[in-house]
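Peer 1: Pasting a structure below so you can have a look.
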Amino acid sequence: MEKAQQLLLDYGLRKTGCRQEVLRQFLHNGHALSHADLERLIGDRYDRVTIYRTLYSFEGKGLIHSINDVSGAVKFALCQEESCSRQHHHDNHVHFSCTACSQTFCLNEVHIPPISLPQGYQVERMHFSAEGICKDCSTR
């Protein structure tokens, strides 16, 4: 079975054409993708609302997570299979935006350090992003 189909099955999602194609794009690209990126990559086979619904269903199941990049755009990236599940979704790692190619990467090996908050405060989600030149652009 193809990896995209297996992931949809593992996460309890129906195997629609759009879901399979969007997931294939995430598996093929090694960086976060915006809705506009997906529209460009997929073409006009699916309307924009269907792509949005697909992204939000993936996020709701813990298959992908959203990233607000340094430009303010919302991008999405695959969650690491070992770090997210349908029951517990988190992305406790650094996101890196390249100023040369405009791609956003999950640096899963760079974890956000725990912080101590005053009494009465509870962290629900932390964001840590860095920007600079990615490894591909720095070797060009």
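Note that Cβ sites are derived from N, Cα and C of the backbone, with glycine treated the same way.
TrEMBL feature annotations, pasted as is:
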type    : residues                      : note
BINDING : HIS89, ASP91                  : Fe cation binding site
BINDING : CYS98, CYS101, CYS134, CYS137 : Zn(2+) binding site
Peer 1: Neighbours of the Zn(2+) site CYS98, CYS101, CYS134, CYS137: Cβ within 8 Å of the Cβ centroid, same chain, sequence order.
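Peer 2: Same chain, not in CYS98, CYS101, CYS134, CYS137, Cβ within 8 Å: THR99, ALA100, SER102, GLN103, ILE133, LYS135, ASP136, SER138.
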Peer 1: Let me check the 10 A CB neighbour count of CYS101 (Zn(2+) binding site). How many other CB atoms are there?
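Peer 2: Result for CYS101 (Zn(2+) binding site): 13 other Cβ atoms within 10 Å.
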Peer 1: Counting other Cβ atoms within 10 Å of each Cβ, which of the binding-site residues CYS98, CYS134, CYS137 scores lowest?
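Peer 2: Result for the binding-site residues CYS98, CYS134, CYS137: minimum number of other Cβ atoms within 10 Å at CYS137.
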Peer 1: Three-state secondary structure of CYS134 (Zn(2+) binding site) from DSSP?
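Peer 2: Note: CYS134 (Zn(2+) binding site) is coil by DSSP, not helix or strand.
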